[in-house]
DNA sequence: TAGATTGTTAATCGATTAACAATC
DNA sequence: TAGATTGTTAATCGATTAACAATC
């Protein structure tokens, strides 16, 4: 039986990425981990760990726990990061530069294969670490036909966000990591995840004040 | 009656930041907005909008809706961004550079007032846009006493994350925006919000594949 | 006053957790 | 086999929503 969109909550997927990170740390020290140990690190219950994983199959060994290496492979496969995923980057401002000069931030399974910008002063410039030249946003249309990419990172200015998104969607992009603060409109078969550092800071600020004003 | 930590879910606060962003866009065109209009933009119900806001008070006018300018002020006050919040930045790598060279990403109410790094090649260097010099992480102790800051942005390497956090906590930092992938351990009265771009991409990748494999 | 939309209650839905039979 | 921990069911908890009285 195949899993459908509604069988899975976004919270489960967010936790999966955290499990993965913890498992990568743990594998240096241990071969197995059980749901109780993992739940302590995650600040949750062992039941939640087991239930989350059981959404996707049976991966544990009763009486023993989970084989860490194995569980890493499984989660990587679930998230689709057991392979190299090609992505394009649209907008080479400060955020874009950070992403092209620091391959580490995206993680090892994501590779930027093209960078687009609309500024004439940037187009044609070489990005040394990636060995590619910045192309004109105008060329997205003709370019995306040649390479087989379905994921884009959007780091243009807010005013261009929807315009560029429409071009991306037209060119069969199915996933957009949105660094703009614009609420993108996309068809149902296009996934969008927003990254909003300012909003994260606002959240932090709220909780910080709340904790300060009453100690827990 | 004062609100306690448990009266408020993190989901409400996350939505508040989104309401704020939408309201800022809307204020150019309209004076009032009602819960039904806002819910359509937010892809939710009008009941959720009204309930979220009513957590903090009564801000609407029956029969009319919400005064946009007024609601912006209210939400900004709730989030504590109706004033300038001083923050320090620890770790001036690629992420740190992006944050100091692009004041826009943090939003207008957050100001970086000190930058620390442990690399001798960076310490002492001037950050032009901010008019401050990078200081040695070793000096956090003596320095934080002088300035009155309770928020830090952590963008050091993973291996240094907990060590630096312990120093920050000792120096009365109460909020940490964590760009490392390390799961920080902090006392109960210190708030932490994680920013993990790689995890966001993993999430996106999952949903993208899910939508692709079955159209909706 | 009539119409509209809020703020809030009660009902529903979904997510978390406790508990335990299954099984390594 | 005895001990431990999984996978899953049923109970609980919390968040969302429908519905409506209050009121602008």
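Backbone N, Cα and C define each Cβ position, glycine as well.
Among the features that TrEMBL reports, domain 'CoA-binding' is placed at B:80-183.
TrEMBL lists B:91, B:92, B:93, B:94, B:95, B:96 with the feature NAD(+) binding site. Of all Cβ atoms in the protein chains displayed, 18 besides its own lie within 10 Å of the Cβ of residue B:94 (NAD(+) binding site).
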Key: Number of other Cβ atoms within 10 Å of the Cβ of residue B:91 (NAD(+) binding site) across all protein chains   = 27
Remark   = Those binding-site residues in B:91, B:92, B:94, B:95, B:96 passing the chain A Cβ proximity test, under 8 Å, are B:94, B:95
Query = For the binding-site residues B:93, B:96, which one has the sparsest Cβ surroundings, going by other Cβ atoms within 10 Å?
reply = B:93
Message = Quick check: with B:91, B:92, B:93, B:94, B:95, B:96 left out, which same-chain residues have Cβ atoms within 8 Å of the centroid of the NAD(+) site Cβ atoms?
response = B:97, B:98, B:99, B:117, B:155, B:156, B:179
Note = For residue B:92 (NAD(+) binding site), the same-chain residues 6+ apart in sequence with C-beta under 8 angstroms from its C-beta are B:100, B:115, B:116, B:117, B:122, B:127, B:134, B:155
Inquiry  = Suppose we draw a 10 Å sphere around the Cβ of residue B:95 (NAD(+) binding site). How many other Cβ atoms does it contain, all chains included?
reply    = 25
